[in-house]
Amino acid sequence: MRHDHIITAKQLSREDIEAVLDRAAEFDADPGAALDRHPGKLLALAFYEPSTRTKMSFETAIKRLGGDVIDMGPVEYSSVKKGESLADTVRVIEGYADAIALRHPMEGSATMASQFVDVPLLNAGDGAGQHPTQTLLDLYTIREQAGLDDITIGIMGDLKYGRTVHSLAHALTNFDTRQHFISPESLKLPRNVRYDLHEEGAQVREHDSLDEILPELDVLYVTRIQRERFPDENEYQKVAGQFTIDVETLESADDDLTIMHPLPRVDEIDPAIDDLDNATYFEQAHNGVPVRMAILDMLL
Amino acid sequence: MTDIDTELRVSKIQNGTVIDHVTGGEALHVLSIIGIDGSGGETVSVGINVPSDRLGRKDIVKVEGRELSQSEVDVLSLIAPDATINIIREYEVTEKQCVERPEEVTGVLECPNPNCITNAGEPVDTRFEVLSDGVRCEYCDTIIREDLTEHIKS
Ligand SMILES: [Zn+2]
C-alpha cells in the first residue's frame, strides 16, 4: 500500500485491500507475535466524539505492535474548547506522534487534517462521511465468511447517514458483488454515493423491505435506524419492523447467511439471533484489531 | 441583427473586460461571480437577452477597469459554458479567451452541507471537482447540480 494517509475507502484499490487483509490474517493467527514490529511508535488518538470500540481497537492494535498511544482526551478538557482549529491541533499533535487516528463529527475533516500533517493520518470516522478502517474490517469479515467475489450482499438500515455503509458500498465495487440496499424511503443512499456506484458500474438495487430479497443473500449487513431521524413517532412505527430481524424473519434466509452489524445495536437484531452460527457481529468487532494492526504496520 | 450591432448597444470601454456570449439570463449571476454589486464604483454595462446569431439570445457584460482572475473564469464556465472573455486595453481587444471547464474550482463556491469541514472556520479554501453535470465538494462529497450561483461565496 503506497498511501500516506487512510482517508476514504475510495482511495483503496483491490490490491490495497487484499494486501491489508492478508497482513491482518497473519496478525490474527498470532497477535502476540507482532510486538517487535514497531517498538516505541506512538499513535495519537484525536477523538472529537466518543467511540469506545473504534478507539479501543486502535489502542489495542498499536500496543500489539509494540507501540503505545497518546490520547487527546475528551474534547471538553482540551484546547479545542478554547477555540483552536482542527488544522492547528493536528499540526501540534504531529510533533508528538508517529501517526494520528482522527474521529471528528464533521464531513471532510480527515481530508482537511491530512493536508496539514506529514505523519500518516487515519480517518476513524468523519461525520456522515467515511470510516475506511471499519470498511477494511468489514471486508475482512466478509472474506472469511463468504469470500469477496460472486456474493450477494444486503445492506439494511440507515443508508443516508451511515458512514460505514458509504465506505463499504464503495469498497465492494472492487469485487464481483451484487449489492442490495434496504431502507425506508427517507433514509436511502445519498446522491453522492449513488453517483460513485453508478460511475463504478456497480450492480445495485434498492428495496423498501427485506422480505423480497432475503433468500438471495449471502451476507446481510444491518445498521441502526435512529428513531430521532423520523419527523414523528408514527412514521417510525410504520417502518420499524421492516428493518429489524429476529429468528422468525430468518426462516426464508439461506442457512449460510452471514449477519453483520458495525455495532452498537439497539433493537434491530433480536438477541436470540446471537446464538445462531449466522451471527458474526462480535467476531466482526474483534477483527478490528488485526485489521488495524495491518493498517498501522503498513503505514508506520 | 448581428453581434456587432448588439455590441454597440452598450458603450465601449477603455480598459477592462467584456464577457460575451453569456447564456441568456445569466448576466446578473456573472456579476455576482466576479463580486460586482455596484458598490465598488466600477462602470458596468449589461445587456440581457440580446439577439445573437450563435446563441439565439445572449447576455453581455462589460466591466470597466477590472480583469478576471482564473478562479472567476473557472466558475463562470460552469454557468456560461459558451462565454468568451475579451480583455480590453485602450479600447482594443488585447486578449480573447473562450472559457474552458476546469477540472476543479477552488475558493469560489460555498459547500451547502452545513456539516462540511469547509464551513467550520478552518483555514482551508473550498474545492469542488467539476462533474459533467454539476460540481462535487472534495471534502464532504456533496454534489451540487442545480442553482450553482446560489452557492457562490459572498
Ligand atoms: Zn463539503
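Just so it is clear, glycine is given a Cβ too, placed from its N, Cα and C backbone atoms.
Nobody curates TrEMBL annotations by hand; they come from automatic prediction.
Record check, TrEMBL: carbamoyl phosphate site residues include A:R53, A:T54, A:H131, A:Q134, A:L263, A:P264, and the candidate from A:R23, A:R103, A:R227, A:R229 also listed there is A:R103. Put plainly, the binding-site residues A:R53, A:K82, A:H131, A:R163, A:R224 were compared by Cβ crowding within 10 Å, and the winner is A:H131.
Between the CA atoms of A:P264 (carbamoyl phosphate binding site) and A:R163 (L-aspartate binding site) there is a gap of 14 Å, rounded to the nearest whole number. Cα proximity to A:L263 (carbamoyl phosphate binding site) (within 10 Å) is found for the following binding-site residues from A:K82, A:R163, A:R224: A:R224.
Per-residue pLDDT, averaged over the domain 'Aspartate/ornithine carbamoyltransferase Asp/Orn-binding' (A:150-298), rounds to 92. The two recorded residues A:T54 (carbamoyl phosphate binding site) and A:R163 (L-aspartate binding site) have their Cα atoms spaced 14 Å from each other.
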